[in-house]
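> Just dropping this structure here.
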Amino acid sequence: MRDLTSARLARLGDLETVELSTPHGRATIARLGATVVEYRDAGDNDVLWLSPTSRLDGSRPIRGGIPVCWPWFGAHPSDPDRGAHGFARHLPWQIERLENDERQAVAVFSLTDDDTTRARWPHPFRLTLTVRLDEKLHLELAAENPGDAEWQLSEALHSYFQVHDARGIRVEGLAGLRYWDKQQGGVRGRQSSDVIVQPPIDRVFFDHRGEAVIHDAGRRLRIAKNGSATTVVWNPGPKGVRGFDDIPDDAWPTMLCVETANALDNTYRLGPGERHVLSASISSEVGTEIAMEKAVTDG
């Protein structure tokens, strides 16, 4: 276990990064997209999945970790030529500050409008991503509208989780929710029980403001959130993965996306001078912690 907390500049491939470290784990965030590319728990286990073939030269967004999808999620609402998931993940963010004390390490990144962003989305904005590491990994994405026109937004913290095997894995917390299923051609329905993942899956759950829990082999990955009304569960499966040149064809069983979002039915409007905060807290509970909790429950 690490004894000290730290927040320092580092590198990953050709990318400038920030490394946060505490006795409870380590996180690495790239300036490109302010993408969290690594989160390892106190046992030095990977919580996030990063594609082994993701390009780390800045030429394209990072495949894996937690990309920031903003100011739209999925296809652009009116112009598919503008690409999926917005522009925030493509651009280098500024490092505003690094700080640490005896219990946590923090990095703050920012992105503001310029000629590049205005060519794709004609609005002034300020984004701030605060990444905080203590016993958990916390992300807070704040969007501010300094202009004089209202925006409509969709967004996501597109979390890729490292799992033992996505086939048959259970995601708790989504039972009873309405969903839209892209994999099934846009069919809408209601989730009757916990999600048992059978890739491929691309399902958007609406009006979800609680936790989601991934029951991985020997551990639970818990995602709590605020300012989010949508949760997305995605894995491309054995055929879909062939459409991604930055994911090996045999890698899909080791990853599962459970994304903190506001999308489709849950897009929102941000007026002049308004601010919206989307946040997620991620934790890893390993076998010993699960056994102790069960003993208390059964007790």
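Using the three backbone atoms N, Cα and C, a Cβ is placed for every residue, glycine included.
Bear in mind that TrEMBL entries carry predicted annotations, made automatically and left uncurated.
The feature active site is assigned by TrEMBL to HIS158, GLU259.
If you look at the structure here, what lies around each of the features I listed?
Following the DSSP three-state reduction, the secondary structure of HIS158 (active site) is coil.
Under the three-state DSSP scheme, GLU259 (active site) falls in the strand class. Sequence-distant neighbours of GLU259 (active site): residues of the same chain at least 6 apart with a C-beta under 8 Å from its C-beta are ALA156, LEU157, HIS158, SER159, THR231, VAL232, VAL233, TRP234.
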